[in-house]
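J.: This is the structure, below, for whatever I ask next.
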Amino acid sequence: MPTHPFVTWKSTIFVFFVALALLLLSMDRTMNIYDEGIVLTDAQLTLHGAVVHRDFHSVYGPGSYAILAFLFWLFSPSFIVARLFGVTVQALIVTLAFAILRARVDIRIAIGFVAICLMWLIASANYLYPTYPCLLLTLVGSGALMSRGAATRRSALLVAGCCCGLSTYFRYDAGFFVFVAYALAITLFVMKEQESRSLGLQRVLRSVSLLALGAFVVFMPGLIVYLATSPLSAFRADIIDYGLKIYPSTRALPFPGVQALLIDPAQFGVYLTPVVVVLAIPMASREYASIGHDKTMSDQQSGVPFALLFGLLSIVLYYKGFVRVSVSQMIFAIVPALALFAFLIEKYRKDRGWLRLTTVVAASVIVSTSVIAAADQFGPFQYDPQRYVFGLFEQRIGLLDREPQLSDRCLAWTGMRFALLKPPYLLVGRYINRHTDQNERILVGLDRHDKIFINPMSLYYASDRLPGTRWSQYDPGIQNSQEIQGEMIKDLKRNDVRYVVRDTSFDSKKEPNESAISTGVHLLDYYLAAQYRPIAKSGNVQVWLRNDVVAAMDDDVPTCRLESMDASTSGSIGR
């Protein structure tokens, strides 16, 4: 255990820079075609003055978009800037969790937590996921509530409440559920320490009210500004109607069974949280029962504040993965669960009974699956080392003798430096960028719109062009409906959209949910077939041009040209 604050701060700063370096070096340069594309495109929209929900469909709050838009304004739009923001947030998550743990566990256990946490963050490979800022804010609020007497201290409660309020700007549901976890923990803290039930209830009411006040003070200004400029119906359609009515049935994935776990042990990550919570119950119950006898709730050596708070966070935040079951969706609960598990090891390591044995077995499983999950991300290294930052670094200093990547040779614009995309998306993005005006809008759609899985959202950013419709982010149950397709057609006309990208890559994609079912709605497909024609393609990705626009010859270098599909031109086409 640390005995000097300076030692703790030095080790915490050291952990931050080590975590940041490891996350940077292990970074996969490949741009996620959908999730990352959503954040980058919506950040570009925000930079150009668009308002989330009012001007573009989104299931997230404005937080990530606003921060990236500010960074783009400060440094110019850049994939590198966006990724640096993402890995910095992840490094801060690891560092803050380490700082909270360092006061409660042996340094070796805390370092082990850092290593395992980094492995799961690497395995999730979702750098701009809006959940990460929420997780960071959750740890800040948890750190405030871990201080002595925090359950009734005004400043700590206000800080924790402010963190809940800030989280809602990134994910509305995250702020609410973190608030619930905090309120439950505070209630258990306060009621156990008070001999009088009525006095305890009064203090609980005061503490939860201060927590709510902190959240209210931060969230309400943003809500007032939004309502002053935007209709509430747009927010309700994106968050309430879609989030509660459509998303669960069209995006749900089942939990992996035994056979799936044997094939891919990394999927154990979806069960990590409940395993840790079950292991924590005996310790938490024992420690909680001792309060009022030989320990107090504010005694840091008792495991009650930490075990209750991080146990409740793990349980409440586990809801996030209940619909779309995956490690990346459950990372919000995995990190608090790993911190709780590190604390369990500290508590059980001197125990001679079955709890220690069970914890050792669980630790072995968690460590092995963490290593497998992280290692899976580096599978392509053997044939494509430049895909990763450390491989690119080796190539730049002469340790690797490789040709430059196609993404480097066919760069569409400066904001795509450092990014990798599959050749069809890369070349189409370059083509669109070269043959449209800077302020021109496009549509990135699918070959068929009666059945929706995802669309290649990253093409908007890759071409440096904004969407020509409010409904640019494709979600099943939305763009394959009659009403929304009608609105999209109106948007295409109003924004004078000349170019449409149509991707057939996801036509055969089927998940065990309602996204695999056709709605039979082809209104947009009929409109595109009547008003546009295919003029070029690369792989499964086609470029369509409006019928009243003449396609011209292309003067791009042969390596970066598309295959012509327009009978009115010979060879590759252009402006």
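In case you wondered, yes, glycine gets a Cβ from its N, Cα and C as well.
All TrEMBL annotations are machine predictions without curation.
Take a look at what TrEMBL says about it:
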type	residues	note
TRANSMEM	6-25	transmembrane segment
TRANSMEM	59-75	transmembrane segment
TRANSMEM	81-101	transmembrane segment
TRANSMEM	108-129	transmembrane segment
TRANSMEM	174-192	transmembrane segment
TRANSMEM	204-228	transmembrane segment
TRANSMEM	258-281	transmembrane segment
TRANSMEM	302-319	transmembrane segment
TRANSMEM	325-345	transmembrane segment
TRANSMEM	357-375	transmembrane segment
J.: Considering only Cβ pairs under 8 Å, which range in 81-101, 174-192, 258-281, 325-345 makes the most contacts with the transmembrane segment (302-319)?
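T.: Between the candidates 81-101, 174-192, 258-281, 325-345, the best contact partner of the transmembrane segment (302-319) is 174-192.
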J.: Six or more residues out from either end of the transmembrane segment (174-192), which same-chain residues have a Cβ under 8 Å from its Cβ atoms?
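T.: Counting only partners 6 or more residues beyond its ends, the transmembrane segment (174-192) has Cβ contacts under 8 Å with 131, 134, 137-138, 141, 145, 151-152, 157, 160-161, 163-168, 200-201, 203-204, 207-208, 211-212, 215, 219, 288, 291-292, 297, 304-305, 308-309, 312-313, 315-317, 319-320, 332.
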J.: At a C-beta cut-off of under 8 Å, are there same-chain residues at least 6 beyond the transmembrane segment (6-25) that contact it? List them, or none.
T.: 87-88, 90-92, 94-95, 98-99, 102-103, 107, 114, 118, 121-122, 388-390, 393
J.: Are there residues at least 6 beyond the ends of the transmembrane segment (108-129) whose Cβ is under 8 Å from a Cβ of it, and what are they?
T.: 15, 18-19, 22-23, 26-28, 32, 35-36, 39-40, 64, 68, 82-83, 85-87, 90, 93-94, 97-98, 101-102, 266, 269, 327-328, 331, 334-335, 338-339, 341-342, 345-346, 366-367, 370-371, 373-374, 376-377
